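S.K.: The structure under discussion is supplied below as structure tokens; questions concerning it will follow.
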Amino acid sequence: MTSHSINRLAHDDHDFDVRLEAILERSEGNDPAIEGRVREIIAGVRERGDDALLEYTNRYDRRQAQLADLTIPQAALTAALDGLDAELRAALQDAADRVRRYHEKQVQQSWRYVDDDGIELGQQVTPLDRAGVYVPGGKAAYPSSVLMNVIPARVAGVGEVVMVVPTPDDQRNPLVLAAAAIAGVDRVFAIGGAQAVAALAYGTELVPRVDKIVGPGNAYVAMAKRLVFGRVGIDMIAGPSEVLIVADASADPDWVAMDLFAQAEHDELASAILITADADFAERVAASIERLLPEMERAEIIATALRDNGAIVTVADADAAAALVNRMAPEHLELALADPEAFLPRVRHAGAIFLGHYSAESLGDYCAGPNHVLPTSRTARFSSPLGVYDFQKRSSIIGCNAAGADKLAQTASVLARGEGLTAHARSAEYRRKP
Ligand SMILES: NC(=O)c1ccc[n+]([C@@H]2O[C@H](COP(=O)([O-])OP(=O)(O)OC[C@H]3O[C@@H](n4cnc5c(N)ncnc54)[C@H](O)[C@@H]3O)[C@@H](O)[C@H]2O)c1
Ligand SMILES: N[C@H](CO)Cc1c[nH]c[nH+]1
Ligand SMILES: [Zn+2]
């Protein structure tokens, strides 16, 4: 064992399952203490509106704000964009263009058809009236998350896009504001955490109530979204970042180590796991980790994340690797393999899949085009990347003529009487031919 920085597991260890589950669970964020605090914050905002919003903002973001400071005016967004260094502005614009082009392919259209009985059926697609976008900002600023959240909403045709972003220590991030200008946000509030989610869900005098809240965030944000779901829609639970890399000896150990670091540097709760069937390659990645870690600017965060939620797992073969991938249902899956296409059909659960040595997750995080807001904590088993479809709703369309209604009413009245619902039955029977 050359590595002290990351957990080492072998699939045939007697305690493999227990250790793996412990590692995976740690980053799931189901801490009862967090739930208790978030419930309190939500109740505070519901009951005391802006007073509570301001109080929690000053407490948790270490601010000395007045209520007026919680609104970031459009002029500040434009000024941030105008003040941006040319290279940064071009990069933001390039990323925005790529993200828009990808998401335009996701637009769902309304459709209709006439069935054999002359009944017109269909689905009408409409955008949300108002969406709330959470942009994380506690430990790092995420202009890329502004683009990833707002552009699909705009492509869907959402009426109003309201963005919230925490502003710790009263420091606004100009790149985040510039991204909001490029993406076309309608209103921005300098608030974050559970209090921002509660304000968007219930509305306060300052913050308008939205129909759906989207966007990633830390354990407080994820818990708040869970708790307001039903009152408003939510996209998914997108918590701390995760990467799972399946690699063989054709991969460069330094590239693999850096890709693990890239997600570990987000957060102490981030998860970074390598699976390989090559024990010698596992040793080489472990050595790369030891050598490269001290060079990292965020070495402390990376070291904690690797120690708590990181692992190098050695398995017998590709079948065992595939079974583990689907069990972990990772947010990001890198297939750093000589033949990634051969492995791809085995993958059933993953938020985003990166094929081959050149498809680094970091490229997808910023600018490849697909969304970087992805299901975490194994929710890729039932949930998908954020997309235009999250901002569109569907209404069913049913249009009967007299002949079609006569046909349907026969079936409907029989079933309604079977259910003992006579008003339903008679309503249907009125539509029958005399
Ligand atoms: N899945 C994705 O697409 C994606 C993208 C970017 C970032 N992320 C993840 O988002 C997360 C961002 O987390 P972050 O912390 O940097 O920013 P954040 O905006 O999610 O959280 C900051 C807020 O947390 C609240 N908070 C912090 N400590 C608290 C406490 N003790 N009690 C109550 N509230 C508290 C504060 O209100 C603060 O405003 C990271 O885990 C990162 O991995 C995910
Ligand atoms: N890896 C994060 C979650 O998908 C996205 C991100 C933003 N900036 C850098 N990375
Ligand atoms: Zn990232």
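Easy rule for this one: first residue shown is 1, then count along the chain.
Placement of Cβ uses the backbone N, Cα and C atoms for every residue, glycine included.
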S.K.: Based on TrEMBL, name the residue from D211, D319, D365 that is recorded for the same Zn(2+) site as Q263, H266, H424.
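M.R.: That Zn(2+) site, as TrEMBL gives it, pairs Q263, H266, H424 with D365.
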S.K.: Pick from S241, S288, S396: which one does TrEMBL list with Q263, H266, H332, D365, E419, H424 for the same substrate site?
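M.R.: The one candidate that TrEMBL places in that substrate site: S241.
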S.K.: Do you know which of the binding-site residues N218, S241, H266, E419 end up with C-beta under 6 Å from ligand 1?
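M.R.: Close enough to ligand 1 are N218, S241, H266.
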S.K.: Could you work out which of the binding-site residues (Q195, N218, S241, Q263) has its C-beta surrounded by the smallest number of other C-beta atoms within 10 A?
M.R.: N218
S.K.: How long is the line from the C-alpha of Q263 (substrate binding site) to the C-alpha of H332 (active site, proton acceptor), rounded to the nearest angstrom?
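M.R.: Answer for this pair: 10 Å between alpha carbons.
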S.K.: Cα-Cα, whole number of Å: Y134 (NAD(+) binding site) versus S241 (substrate binding site)?
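M.R.: That comes out at 16 Å between the alpha carbons.
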S.K.: Near ligand 2, which of the binding-site residues show up if the criterion is a Cβ under 6 Å from one of its atoms? Options: Y134, Q195, S241, D365, E419, H424.
M.R.: S241, D365
S.K.: I need the CA-to-CA distance for D365 (substrate binding site) versus E331 (active site, proton acceptor), whole Å please.
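M.R.: Here the two Cα atoms are 12 Å apart.
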S.K.: Relative to the Cβ of H332 (active site, proton acceptor), which residues of the same chain, six or more apart in sequence, are found under 8 Å away?
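M.R.: Looking at Cβ-Cβ distances below 8 Å from H332 (active site, proton acceptor), excluding near sequence neighbours, one finds S241, E242, V243, L244, Q263, A350, G351, A352, F354, E361, G364, L374.
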